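Annotation source Swiss-Prot lists active site, proton acceptor at Lys175, His294. Marked as Mg(2+) binding site by Swiss-Prot: Lys201, Asp203, Glu204. Feature annotation from Swiss-Prot assigns phosphoserine to Ser208. Residues or ranges marked as phosphothreonine in Swiss-Prot: Thr330. Per Swiss-Prot, the feature site 'Transition state stabilizer' maps to Lys334; the stated evidence is sequence analysis.
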Amino acid sequence: MSPQTETKASVGFKAGVKEYKLTYYTPEYETKDTDILAAFRVTPQPGVPPEEAGAAVAAESSTGTWTTVWTDGLTSLDRYKGRCYHIEPVPGEESQFIAYVAYPLDLFEEGSVTNMFTSIVGNVFGFKALAALRLEDLRIPPAYTKTFQGPPHGIQVERDKLNKYGRPLLGCTIKPKLGLSAKNYGRAVYECLRGGLDFTKDDENVNSQPFMRWRDRFLFCAEAIYKSQAETGEIKGHYLNATAGTCEEMIKRAVFARELGVPIVMHDYLTGGFTANTSLAHYCRDNGLLLHIHRAMHAVIDRQKNHGMHFRVLAKALRLSGGDHIHAGTVVGKLEGDRESTLGFVDLLRDDYVEKDRSRGIFFTQDWVSLPGVLPVASGGIHVWHMPALTEIFGDDSVLQFGGGTLGHPWGNAPGAVANRVALEACVQARNEGRDLAVEGNEIIREACKWSPELAAACEVWKEIRFNFPTIDTIDKLDPSVDKVA
């Protein structure tokens, strides 16, 4: 008899409530290559043992419920249940533990981030026995990864489409984000692109409002792209935000972008949802469009250290669902982002194989089995003085996006774009000559100012700007004696 139809009627059914740990805490379990592995930060309520808390997470996110049910005997619980297989205390934190849970692959629908998250980060996060719960990391097994298309094109294909190599790409978010007419918006796009940027961008909340309907914006931005390409001889793009109230409307906007011949569209993947995002990613691959992803709403989910979900999990989910770019913080700008943690999930976005490294917040070795990579986008409160640090931190395979750092230039948009392009080219040249950007960065920018008045003006405006606030979501100081999980 197959495990799916095997029953346990002979055992008999005994109604009542029993501790989760009797069924779902299995420290002797050896994980399988096909298991989805999760690392949860668990804060039990007073009086709840960590083993019971970890087992409750495994149960409530897989096959369990609060009481024994007779229908357990109609299936093979051992085949389908989640298992809490290891628990370790969090150093320096009182009553916090990392609970490792293994999920059998058969619990999840193929190619569906929506289904995976509905189980793993579903109702269990409201469980009363837990004071707080956070999903720190997931190990996606190759067997499950292979059921996803992933990014529409990936890093190498994007570079080939743009014919741009050996440096980060430059972008700019058009400001003010709301209120411009479509024609004025297109004018701002044109000035930035002709000044030397590779991309400009719709802000995440630019959809189709009364002051600027989406079709008008698409037309004026396409005009700006073609005019700037003709003047500069470079391929240009603008992230046309296709996010809409329905999936049908979203695809309609993407179809119009394709008909205009532009290279890239955009989606807000968390507010739009993973089902919509995956649908759009499939359309983009089939029709030659790059897909830029904004992470609006992520901080609602990932900002607090003891509850929610770390962004590295959202980044992995996006790579599965599909996107060629995703915003990833800056480390040096106005938005939250610990350096080591950021570099950890940047590698998870770009690389094919990433080793476990708890010093960077990576709990599991991740093999992407040739799934295309995603370009991290550094955006938020950055300007020309940050260029050396950004080039050193993110490397060539990234997009550096300056909104106010372009449009806030005292001479206008095009000079602002020139300043950023000159600063980037100076940093790349200095790096290629063997100079240390972390040490000599400011000097490299000052030298470039001598032959670029646009850069000199930008440096003068932003010389005093700092965002020196402590990072909330930092990596735990690990005690090597407790980290025994591969």
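We count from 1, first residue shown onward.
Cβ coordinates are placed from backbone N, Cα and C, and glycine is handled just like the others.
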Going by Cα-Cα distance, which of the recorded positions (Lys175, Ser208, Thr330) sits nearest to Lys201 (Mg(2+) binding site)?
Lys175
Residues flanking the Mg(2+) site, with Cβ no more than 8 Å from the Cβ centroid of Lys201, Asp203, Glu204 and excluding those residues themselves:
Thr173, Ile174, Lys177, Asp202, Asn205, Val206, Tyr239, Asn241, Met266, His294
Sorry to bug you, but what's the C-alpha spacing from His294 (active site, proton acceptor) to Ser208 (phosphoserine), rounded to the closest Å?
17
Just checking, which of Lys175, Lys201, His294 (recorded positions) has the fewest C-beta atoms within 10 Å of its C-beta?
Lys175
Hey, what's the Cβ neighbour count for Glu204 (Mg(2+) binding site) at 10 Å?
21
Closest of Lys175, His294, Thr330 to Glu204 (Mg(2+) binding site), Cα positions, recorded positions only
His294
Could you tell me which three-state DSSP class Lys201 (Mg(2+) binding site) falls into?
strand
Of the recorded positions Lys175, Asp203, His294, which sits closest to the residue listed as 'phosphothreonine' by Cα distance?
His294
The answer, for which of the modified residues Ser208, Thr330 has its Cβ ringed by the most other Cβ atoms inside 10 Å, is Thr330
